[in-house]
Structures are given as structure tokens and as C-alpha cells.
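Visitor: Quick one: this structure, given as C-alpha cells, is what I'll be asking you about.
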Amino acid sequence: MEIHHQLLVSLLFLLLPLCSSQENTRSLAIDVNGPVETSPISEKLNPKLVYEIKVHGFMLWAAMGVLMPIGIISIRLMSIKDQPIITLRRLFFLHVTSQMVAVILVTIGAVMSVINFNNSFSNHHQQLGIGLYVIVWFQALLGFLRPPREEKARRKWFVGHWILGTSIAILGIINIYTGLHAYAKKTSKSANLWTILFTAQLSCIALVYLFQDKWSYIQSQATFNRNQSVDHNSNISTAETGHGYEVEESKPELEKC
């Protein structure tokens, strides 16, 4: 009887590790198949997913952080007066091309997000991203439906196009910051360097944007100062020439004396 009791106790001790290992395995499976927020360890151990996140972020940065500002600045440069027609055409072509490439990159980034990432739309980055994607495509279609200048609808179209473009620029910048935060949260890697670099880039873009409004004034002032200096030099040369004539006219009188 005691032997049977000892065998039963030994079997219990042998079965306990097996039960605990099965429980750990099942908990790991639940963690892997669970939401992204509750299992960051599985994502950190997946280099392919980290690479896809980086590609997604780079494409959206190129679209919203580079091409969209280029399109805005190029179209604003067209408002400078007295520009050659060829310059205006090049600026308009730059505006259209940059915006079309930006729309393509946004679309590819959105498709990558749907296919590769867990899109539960439970965080601000995903929610803002889907809304931004819809606005970007609506703005692109609105750009192709531009009415002629002589039509009355052109003014309403311009106001709507400007409002949508400004909204896309602001929301795109915000979504880049939220994307950097989401990247740091998912991969447990610091995104402070990228945040600082993007902030510095935004500061440079803002300076260029504010400076271009004053560029025409600076050019007009430079032209005015140059004309003034030319007039001043011509007046001095005229005065010196007149003074030379007076000296030569006074020479015969001095010789008579």
C-alpha cells in the first residue's frame, strides 16, 4: 500500500511540469494570435514585420513630409508677379507631378498597412490614416476636375482645393508624428532621433514657405536700389562733366588776363 502511494506521488510530480509547459505553450499561442498591443514581443522577434513598418513609414514620410510641401511651395511661387510663362509652366508641372507621386505612395502605403499590419483601427494613427487616405484621393480627383478660369465655379473650386490641401498638409504632419510614436511602441525602439530630424525639416519648410511671400518684395527693393545707384552715378558724372566744361570755358578768360 505504501508502495502504491509512493508511485502515485511520483506520477503527480512527473505530470506537474507537463501541465505547466502545456499551459505556457497555450498562453504563448494566445499572445501571438492576440491584438498587437498585448504582444509586442512577437513583433520584435519578426524582422520582416519591422522592415515592412519601416518601408511603410518611409513612403508616407516621402509623400506627406516631402512631396506635399513641394507641391504647396511650387504653386505659391506661381503667385509672384512678372514671371516668364516657361517658369510658370514648370512650377505647375512640378506641383502636379509631386502631388500625383504623393498619391501613389500614399496608396501603396495604405495597401501595405491593410495586408501586413493588424488594422483594428483602435489607435489614432490608424484612424487618422484612413481618413487622410480618403481626403487625399478626393483632392486628387478634385484637381482633375478643375474648371476653366472664366467660369464662376472656378472660385468655389479654388477655395475647396485650398482647404483640402491645407487640411492634408496638417493632418499628414500629425500622422507622421503619431506613426513615429506607434513605431516606437511596437518595436520598443526609440524614435527620438527621427522625431528631431523631422521637426528640423518642418522648420526649414516653414521658413521657405514664409520667405517666398517676401521674395517678390525683396526683388523689387533690390531693383529699386540698383536703379537709385545708377541714377546717382549718372548725376555725379553729369555734374563732373558740367564742371569740366566750366573750367575749360574759363581758361580763355584766364589767358587774357
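The backbone N, Cα and C atoms fix where each Cβ goes, and this holds for glycine too.
The following feature annotations were taken from Swiss-Prot:
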SIGNAL    1-21  signal peptide
DOMAIN    22-219  domain 'Cytochrome b561'
TRANSMEM  55-75  transmembrane segment
BINDING   HIS56, HIS125  heme b 1 binding site
TRANSMEM  91-111  transmembrane segment
BINDING   HIS95, HIS161  heme b 2 binding site
TRANSMEM  125-145  transmembrane segment
TRANSMEM  157-177  transmembrane segment
TRANSMEM  191-211  transmembrane segment
REGION    235-257  region 'Disordered'
COMPBIAS  243-257  compositional bias 'Basic and acidic residues'
Visitor: Under DSSP, is HIS56 (heme b 1 binding site) helix, strand or coil?
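Guide: The three-state answer is helix.
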Visitor: I'm trying to understand the geometry here, so how far is the Cα atom of HIS56 (heme b 1 binding site) from the Cα atom of HIS95 (heme b 2 binding site), in Å to the nearest whole number?
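Guide: Distance between the two Cα atoms comes out at 23 Å.
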